[in-house]
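Feature annotations, courtesy of Swiss-Prot:
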- A122, P123, T124, S125, M126, G127, K128, S129: ATP binding site (BINDING)
- 109-271: domain 'Helicase ATP-binding' (DOMAIN)
- 297-472: domain 'Helicase C-terminal' (DOMAIN)
Amino acid sequence: MTEIYEQAKHSLQGEDFSSFNYLFAVNKLLSNPVSYDLGRDLIVRALDSRERFSEHTTILKNMVRKSGLFPYLKKEFTSLTPDDLRVLELYRTPFSDGYVFHSMQFHIFDLLKSGQNVVLSAPTSMGKSAIVDSLLGMGTLKRLVLVVPTVALADETRRRLQERFGDRYQIIHHSSQVCHSDQAVYVLTQERVNERDDIVDIDLFVIDEFYKLAFRQLKSGDIDHQDERVIELNIALSKLLKVSRQFYLTGPFVNSIRGLEKLGYPHTFVSTDFNTVALDVKTFGIKANDDKAKLKALGEIAHACVDATIIYCKSPTVAGLVARELIRLGHGTPTENPHVDWVSEEFDADWDYTVALRNGIGLHFGALPRALQQYTADQFNAGKLRFLLCTSTIIEGVNTIAKNVVIYDNRDGTRSIDKFTHGNIKGRAGRMGVHFVGKIFCLEEIPEDNLNQEVDIPLGIQGIDTPINLLASVQPDHLSEFSQDRFDEVFINDRVSIDLVKKHSYFRVEQFEMLQSMFEMMDDNEFSSLVFHWTPATNFLKTFAKIIARLVPHTFSRNGVPVKPTDVMIAKLAGYLSAESYSEYLKNQIDYARQWISEGEKRTLSIALNNDLKLITNTFGYTLPKVLSLMEDVVKHHAVKRGIRSKVDYTHVKLAFESFHLPPGVNALEEIGIPIQTLHRLVDLLEFSDEADVDELSQYLRDTQDIWSRSIGYVDQMFIRRALGIRRH
């Protein structure tokens with residue numbers, strides 16, 4: 001059957017092409033379940049070359065029907081028979097008269113509609129989100145939880161659902177929101193699922209990218225049991241299984257999932273290769289570190305590919321290097337627009353992101369401020385940027401429309417990517433209804449098959465290596481006898497409190513013990529630097545830095561800040577806390593970076609700025625508030641033991657780190673795409689309520705549009721309007 005497929009595929013480009021023979025081969029492949037996917041692939045390729053099938057349009061249409069690609073039946077053909085129209089009516093989605101299911105979507109929708117638990121493993125292009133929207137469109141489900149891997153994807157999902165179902169459902173996506181409706185959809189990361197206590201009586205929960213439930217296998221063959229995001233996702237799964245009537249797990253192609261059945265949750269596992277686009281893959285086999293050969297190959301690809309192209313790179317630094325090389329080779333399009341000027345002013349004109357954007361090339365990476373991520377993706381999808389250079393953010397569900405994908409590196413940071421992740425990146429090429437055939441260019445060899453295409457869920461497969469902080473926070477019903485025994489053994493001596501581990505599940509038991517030991521060894525003078533309730537005590541930052549260096553050193557070291565000695569770390573902490581604003585801190589850091597570079601440091605300004613953006617978002621905004629919350633509880637305990645009666649409350653310091661120097665709550669607007677710099681200008685202009693949630697803040701900005709539209713710049717206004725969904729008159 002493969003031979004029939006290859007011959008037909010090859011013939012499509014030939015001069016003596018016979019459309020009848022091609023469609024005859026398609027029919028043969030579609031008639032055999034073993035070769036059905038190959039037949040469907042040929043149909044997609046035929047639609048990409050419609051002009052070659054003008055003599056046999058009816059046969060082509062019938063083959064489209066036979067392949068189950070009903071959306072193409074609706075979109076690509078005008079002369080539809082009554083029977084064709086009946087098929088389209090049968091496969092029409094409940095949320096839109098204009099959207100039609102393909103056969104696999106309909107199958108999954110039918111399983112879920114009948115109340116079954118479903119685990120779906122399918123390619124990126126299959127259209128998994130349309131199934132969720134259709135379930136909502138039926139109107140029979142009242143409360144749903146959608147668990148997504150990133151805040152960026154939560155925001156993208158929120159926008160889609162708000163537009164389609166905002167009149168019927170309250171869309172909850174931020175910790176500040178209170179549920180006030182009988183009909184609600186929670187769109188949250190796993191950490192936010194675990195923070196909320198109002199997630200009860202759920203009709204259906206969905207976990208997107210369910211493979212993230214499994215601990216990663218390292219190159220050495222060992223399993224990384226310390227990934228706190230995997231732990232948090234398993235805790236969320238346990239919580240949701242307990243309060244939900246049904247679940248739907250989705251992700252890219254894997255072979256099997258293990259662990260759910262041991263927990264007593266029957267489910268239907270569907271693994272399908274149902275693609276709505278065809279993919280052509282070319283491999284170059286260049287060595288990993290041979291940048292010269294890679295850049296040469298990339299130049300050839302850029303010359304040959306005129307359509308929208310995503311280039312996957314292992315890091316923002318490499319993405320910046322590649323962008324500058326594309327510009328040097330003449331593949332940039334010099335652009336002058338207000339957004340480029342805004343970025344130059346607010347960040348720096350020499351920053352890789354600014355230089356790329358000025359030349360019609362987009363950069364997209366995790367530490368990039370949300371508003372710039374959204375703007376870049378919007379411009380790319382609108383066809384205004386030919387190239388989009390991404391890091392692993394491409395895997396996290398950024399919604400893009402690209403004809404071509406170039407995989408420049410087979411790594412994510414310093415980690416090698418496996419065939420599983422490689423395939424996930426490839427799935428970003430092509431787009432149903434836009435690009436029939438996607439082209440993939442792999443500059444290195446394709447990774448070999450590995451066992452990572454099986455997903456083992458730690459919650460269901462509990463062993464000697466299952467982290468105690470995971471076990472402490474899951475539902476008691478989900479603990480195995482073996483885990484209960486381990487659990488009792490760890491907590492028998494009361495050195496570490498169970499309640500503390502449950503409350504701070506981000507941290508491993510060894511980290512709790514480490515912190516306890518540090519406090520026990522502190523003299524009164526050092527310990528007193530931790531006892532305060534508003535303004536940090538003298539020498540607090542010195543002691544805090546010492547604790548960070550022991551507990552979570554990577555939060556600084558992976559972002560270019562040495563943790564030993566702690567002087568540089570203390571300077572960063574002090575610089576951030578004492579700055580008047582986010583902008584002031586960034587500008588100061590850029591000035592320092594320029595000074596280092598002039599003194600011969602090998603780091604570039606872009607590396608320094610990208611590291612600081614990561615520090616602000618990941619370290620200051622996320623990790624350090626968690627460390628402070630844990631410290632506060634442990635300090636209170638030790639203060640009592642030491643006979644200290646003073647009040648201990650770190651709320652003010654935590655807010656200083658996580659709020660970007662904005663009033664309480666206002667930073668929530670950054671998540672929906674309003675830059676922090678713009679928010680500072682709005683704070684100077686308007687009176688924000690301290691008690692308002694993100695919905696109320698958004699409404700307040702809509703109500704005050706007459707004020708801010710006269711007082712702040714054009715680009716700031718564009719960001720606000722995009723975030724709030726305000727269309728210009």
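Using the three backbone atoms N, Cα and C, a Cβ is placed for every residue, glycine included.
A map of Swiss-Prot features onto the structure.
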residue: A122; record: ATP binding site; contacts (Cβ under 8 Å, 6+ apart): M104, K128, T250, P252, F253, V270, S271, T272, D273, F274
residue: P123; record: ATP binding site; contacts (Cβ under 8 Å, 6+ apart): P252, F253, D273, F274, N275, G427
residue: T124; record: ATP binding site; contacts (Cβ under 8 Å, 6+ apart): P252, N424, G427, R428
residue: S125; record: ATP binding site; contacts (Cβ under 8 Å, 6+ apart): N275, T276, V277, G427, G430, R431, M432
residue: M126; record: ATP binding site; contacts (Cβ under 8 Å, 6+ apart): M104, Q105, T272, F274, N275, T276
residue: G127; record: ATP binding site; contacts (Cβ under 8 Å, 6+ apart): H102, Q105, T276, M432
residue: S129; record: ATP binding site; contacts (Cβ under 8 Å, 6+ apart): T157, R160
- Same-chain, non-site residues whose Cβ lies within 8 A of the A122, P123, T124, S125, M126, G127, K128, S129 Cβ center for ATP are T276, G427
- Task: Tell me the Cβ neighbour count for K128 (ATP binding site), meaning other Cβ atoms within 10 Å of its Cβ, over all protein chains shown.
- Result: 20
- Note on the structure: Under a three-state DSSP reduction, the secondary structure at M126 (ATP binding site) is helix
- Task: Check the domain 'Helicase C-terminal' (297-472) for me and report the mean pLDDT.
- Result: 89
